[in-house]
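According to TrEMBL, the protein carries these features:
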REGION    1-20  region 'Disordered'
BINDING   T83, V247  pyruvate binding site
ACT_SITE  Y174  active site, proton donor/acceptor
ACT_SITE  K204  active site, schiff-base intermediate with substrate
Amino acid sequence: MTTVIYRSENESTEKVNNSSRGAPLTFFSSSMASPKKKLQGLVAATITPMTEHGEINFSVIGQYVDYLVEEQGVKNIFVNGTTGEGLSLSVSERRRVAEEWVTKGRNKLDQVVIHVGALSLKESQELARHAAEIGADGIAVIAPFFLKPWNKDVLINFLKEVAAAAPALPFYYYHIPALTGVKIRAEELLDGIQDKIPTFQGLKFSDTDLLDFGQCVDQNRQRQFAFLFGVDEQLLSALVMGATGAVGSTYNYLGKKTSQMLEAFEQKDFSSALNHQFCIQRFINFVLKLGFGVSQTKAIMTLVSGIPMGPPRPPLQKASGEFIDNAKAKLKSLDFLLSTDLKDGNFESCS
Ligand SMILES: CC(=O)N[C@H](C=O)[C@@H](O)[C@H](O)[C@H](O)CO
Ligand SMILES: CC(=O)C(=O)O
């Protein structure tokens, strides 16, 4: 079970973490080796920067961390997922990328969650163990998507074997049926999941089925799970449904904007929250119509942050020059570019 633990002013026991003294600081699950804060708020799904030759460009990750924290106010990351092309990297690359984010994020980021899903259980377990060794804050796993689990129990058994390789790390199931083709409903999967996976800590839900998402929340109200929504253009609806946070690609460059929406929602200023969501939707709707995926996310992040993200790895193809020009004009008109020299004063009413 989960309990909130408090630390008193003069307590001189082992340092739990660097949060302020006397505050309710962590959610501690007795099944875990170490106390962990609940993952909440915005989580950026990190891009894996690459060189023009298609190798991982580790050299910009430190800068990338600073950009997220200082410019976007985002302090949680989700590494080697869809946006990070995790499934297009070798196991050794995935290990090195995870290590670099953990190292560069130390004392800067709140949580680093590593996606360790793979088609091979062995590889997934190796990555889970590795995530624990390097001091990551959690692991997430998608459903294996070539030889697929055909029902809930079969999928849970796979996830359980992975989770067991990192028994001290919070475990998140990453539900993304459009990409995995595994359409087992999350609500069904969550039913009784902690009996099988004691480290289960939450769900990253990347689907538009708000009935399924709502029922995940409703049926698990007593549990301190994180319900992280993954469709950025619909986040406000998911907040209404009980989302406790969000993982997404757009928080890399629209983190600040999206935080304004979260704040308005928290203040119960729903009309402002809706305005913020509509502004974000205008951008995402625009790029979706041009063709929007990981390649385009890399190009947009390069544009907005100034940090070179490089091309994607095949089979993905570099975003076209035409896409970049159009996306840039839209970002400008919505006032979504942070640096002033790119502004031209011709705004839609979004700032
Ligand atoms: C399929 C995919 O990559 N989904 C991302 C995360 O789950 C989202 O962040 C989307 O990129 C975003 O919602 C735009 O559609
Ligand atoms: C968007 C997301 O969560 C991912 O890239 O995995």
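Each Cβ is built from the backbone N, Cα and C atoms, and glycine gets one as well.
A Cα-Cα distance of 10 Å separates V247 (pyruvate binding site) from Y174 (active site, proton donor/acceptor). Sequence-distant contacts of T83 (pyruvate binding site), defined by Cβ-Cβ distance under 8 angstroms and a gap of at least six in the same chain, are A45, T46, I47, S249, N252, V294, T297.
DSSP classifies the residue listed as 'active site, proton donor/acceptor' as strand under the three-state reduction. Y174 (active site, proton donor/acceptor) has a Cβ environment of 26 other Cβ atoms inside 10 Å.
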